[in-house]
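As recorded in TrEMBL, the features of this protein are as follows:
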type	residues	note
DOMAIN	5-85	domain 'GDNF/GAS1'
DOMAIN	129-209	domain 'GDNF/GAS1'
DOMAIN	219-313	domain 'GDNF/GAS1'
Amino acid sequence: PSSDCVMAEQLCLSDSTCNATYKTLENCALAKTRLLSLDHDSRVRCLNAELDLGNSSLLHCKCHRRMKRQEHCLRIFWTVHFSMTDAENNCESPLPTTVEHWKTDYNKLAALVSGKNCSQLAGDATNPCLRATHVCNLSKKCFRLRTDYASICTKGARSEDVCDRRKCHRGLRNFFEKVPEDFTKSILFCPCQDEFCGERRRKTIVPDCSFQYNTKPNCLWLLDSCLEDHICKSRLADFQQNCQPVDMSPDGCSLHNHAACLQAYMGMIGTPMTPNYVSNSSVEVSLWCTCENSGNQKEKCDQILGMFESNKCL
């Protein structure tokens, strides 16, 4: 059974043989992160160290969603799996496929609101996205974390200053990790019948800061940025594993688990490869990037963009 990578690391460090092997892999992973080329002997030494961990609990450890020290855990995972080239090759996901079910008593929440707000809530039937936002406001945690990221992501939006995209992404990750999915899914996937509702849905993640650049970068640049980040690299692997489309499948999804795919999609928000709705009038999503001027890597670039734009599973 898979164990927590942080706990597995502690067990390994207490054993002198495992400790030495793990330290070797840490140096290998560090060189890879810094894009340093390893000579033949060094690479062989790194691969042998990875094989030597065959009997260690580190080899099969995982990192769970919503866990503390998640980034540290993911760093351990990619250190142990040093030989995995990158997430684009559908490598193993460090996140176990388990969809969490949160039970939220909406009637109880509604009863906490004053008469004026209850009327307001009842009047939001024509705009599910507005209603979902009001329901979020009834939860102190949902309201606080949503206000936090909205505040960070809108700074600089009305001036010549560029917003702090890194802080904005961190705020979004906090929201989607710490708020029960009953709230987050309702806000992000609310069904719309008109463009006013669609605009609110598209602006959920404050796209001016979290999603858009002044000009669209090449999708391969987004991929490189993602693979340099342990969190993004892990969530991309998770997205590819749970949202892998299959043309021969009736529902277009290899795992037939659309809840897990939506959860993996939400995991991409707040990373360098943050996706979003492309307009106010559709449910199509995409990355903010282009495959123009990709040269001989055009096919690879199209595959990256197609994971979101034409993914039947998603």
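Cβ coordinates are placed from backbone N, Cα and C, and glycine is handled just like the others.
Looking at the domain 'GDNF/GAS1' (219-313) alone, the prediction's average pLDDT is 89. Secondary structure of the domain 'GDNF/GAS1' (5-85) per DSSP (helix as H, G, I; strand as E, B; remaining residues coil): 58 helix, 1 strand, 22 coil. Counted with DSSP, the domain 'GDNF/GAS1' (129-209) comes out as 60 helix, 0 strand, 21 coil.
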